[in-house]
């Protein structure tokens, strides 16, 4: 609805003017109800009093009638005049016509200021106005809010008031970003799992030739025939190794006394300890493939033999792996002492306790025992010779198990696990070993990384060249093989059994002359104590003269497991010392 135009009243006239209703307004004493907005009448000539749209000021001046139409509100229907000084402004009612298109107030006539009688100003007090230039009352201090990106604190619940939890506002962003991220990760994980499963299946049945870009059956890998470009399928395979030159270093069983071969004499001689040092000790140990810190000492000749029968030599170091042996001038040794040398700490273990007929054991008792796994499955046992070399049986690599990269070595464990294993760098079989025939059943594995020695990881000693075990000597054998002949499961915990050395004559009677000088027999004639399937390659040890444990045999073969009159047959380590030293020297 359009707002009414309000006439401007510059001055206030006397109350004698009357106002009549109808077309012509007659001045009359009226009262006025103040509107929502209050005002004060200006007493200064020509000043316009403030008004509102729903009220106006009535004076006693003569008005010129407006145009014909709807009249304004009637104040005094009787038309009687009254003195404005007797009518309070707070009485009376002003009717308002809400439907008035337009209304033009009549011009008012004014009595000059000099002749008018002022009326008293009566108004309802309104709210006190604050001057524009007055100082504002300071409001309450505002506590600064948190920095941008900081989560709003959750206000503590107060009595009677609701708790506002602003953290609920974070649900939408979390759902928006986290759910898709988790979904993507799950998809990627599923793809990875499927890829691994596919690779495992393919690796079990096929070999991929990278250069030829083709798959070949796994049986054609390492079979001696080239099926891939560049003989790729015949690389990284088990290989035979022949040692042609004899070692010029050996050790006596008693005291680990060092002897070197003197070509000019065609004989072996002791090394005089005169001018002996660590450099010479390392150079000598390198001749037999040992490169750790050696331990040497001096032993009086009188403790080992008659001095007049001892031949002495000295050592000259040519380089870190080469020596020259020189006979002592006049065959004498000023100090009268010879060198005792240990190229590696070996053959030590913790207190004794005491596999067919065997009992549970602990790796701390036989810390040189290792487990050989092929594609995650236990195949054979073995023993630690030094920080890089493992001794085992050659027949462990029959039946197509000739791919080096699929072999792992696990050591320092009592119970078999398949979670981790150490990588193999090279595998060498005796050059005269024939599959399914056991005269030269011996092999060496070289690891890619050094073995860290600990209480549960130690080297076993090799026997002295003159080691001579008597028939019936006590021997010990360990492994994770079957505990029952024909049993389906291997032992999960390391087993040990004590057996006795059986003479070759007795053993040949049992096996019809198959026992050679490179073999030895051990067990119990009555049966009940023996090795079995899964124990192959494991060590057969004896307690040597130096109170150290020597490996005298390697688990090889036998007729059944623990049968009477069918003892186990072992590779005789003493017969292969030259081959062992030669491989470790040439490959290291």
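Cβ from N, Cα, C; glycine included.
The range from 177-202, 203-228, 229-254 that TrEMBL describes as transmembrane segment is residues 177-202.
In terms of DSSP secondary structure, the domain 'SRCR' (241-289) contains 9 helix, 16 strand, 24 coil. Long-range Cβ contacts of the transmembrane segment (177-202) within its own chain (Cβ-Cβ under 8 Å, at least 6 residues beyond either end) map to 208, 215.
Here the domain 'SRCR' (241-289) has a mean pLDDT of 92 out of 100.
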